[in-house]
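Undergrad: Take this structure, written in structure tokens, and hold onto it; I'll ask about it next.
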């Protein structure tokens, strides 16, 4: 969503990132959603990823987060009704992407409850995005279950392996075996905001552990995300080799490994989604 907003001329800068368009040009948020729908997307995700203090700042978050989350959900719902697609209510990392060490269980509800309350009436299901540790995922799942009866999808972000023979790990360093207890309490497990090369093995592992579970992947096209990466300090560079055709090839392997949901994260645009749509036709 963020890079598509930038491409179509929406205001776009750090630290506000994709929230800036929601604040200043909500019509362009709708336009970006429509571009993905026109490309074949069957699920759109609310533009709420940056509605956290990490991006908005403490003061703007306190005064505007719930209302902005409602606006984002209204935009998505209107388009869903028009186009016959579903709306995933985005629940972002409360303390910034790729930083499991910053997670604070004592403060997470204060940040995420306004987003839940602002979207609850308008989304079809919840999508916890870019979960970087078991502890983070567990607390957010519990929070959603306590305040909503809607299905919960849980998406983890993975480290980049320099050798694909090495064990898969979350950004926290935890292995996938450590998230197995969560598989029985969510409606789907996905992997997102990680390099495309990481997804196939992760899908295969979860599919073997829980064959009946809905499993998915939506990768990014970032050049690399290192441990010291600061997600709101700069705009990450994108890989030129992750073309729509190349991304389609990755996604074919994800489907073969057991995925039933495929999509795109940062840097994956409507052309990539069109290629995925052609694949599943």
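Note: Cβ is positioned from N, Cα and C throughout, glycine not excepted.
Where the annotation comes from TrEMBL, it is an automatic prediction and has not been curated.
What TrEMBL shows for this protein is this:
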{"type": "DOMAIN", "residues": "1-280", "note": "domain 'Hcy-binding'"}
{"type": "BINDING", "residues": "193, 265, 266", "note": "Zn(2+) binding site"}
Undergrad: Over the span of the domain 'Hcy-binding' (1-280), how high is the average pLDDT in this prediction?
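TA: Averaged over the domain 'Hcy-binding' (1-280), per-residue pLDDT gives 96.
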Undergrad: Which residues, in sequence order, are found in the same chain with Cβ within 8 Å of the centroid defined by the Cβ atoms of 193, 265, 266 at the Zn(2+) site, excluding those residues themselves?
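TA: So the extra residues in range turn out to be 130, 157, 192, 194, 218, 219, 220, 222, 264, 267, 268.
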Undergrad: Once the chains shown are all counted, how many other Cβ atoms turn up within 10 Å of the Cβ of residue 265 (Zn(2+) binding site)?
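TA: Around residue 265 (Zn(2+) binding site), other Cβ atoms within 10 Å: 26.
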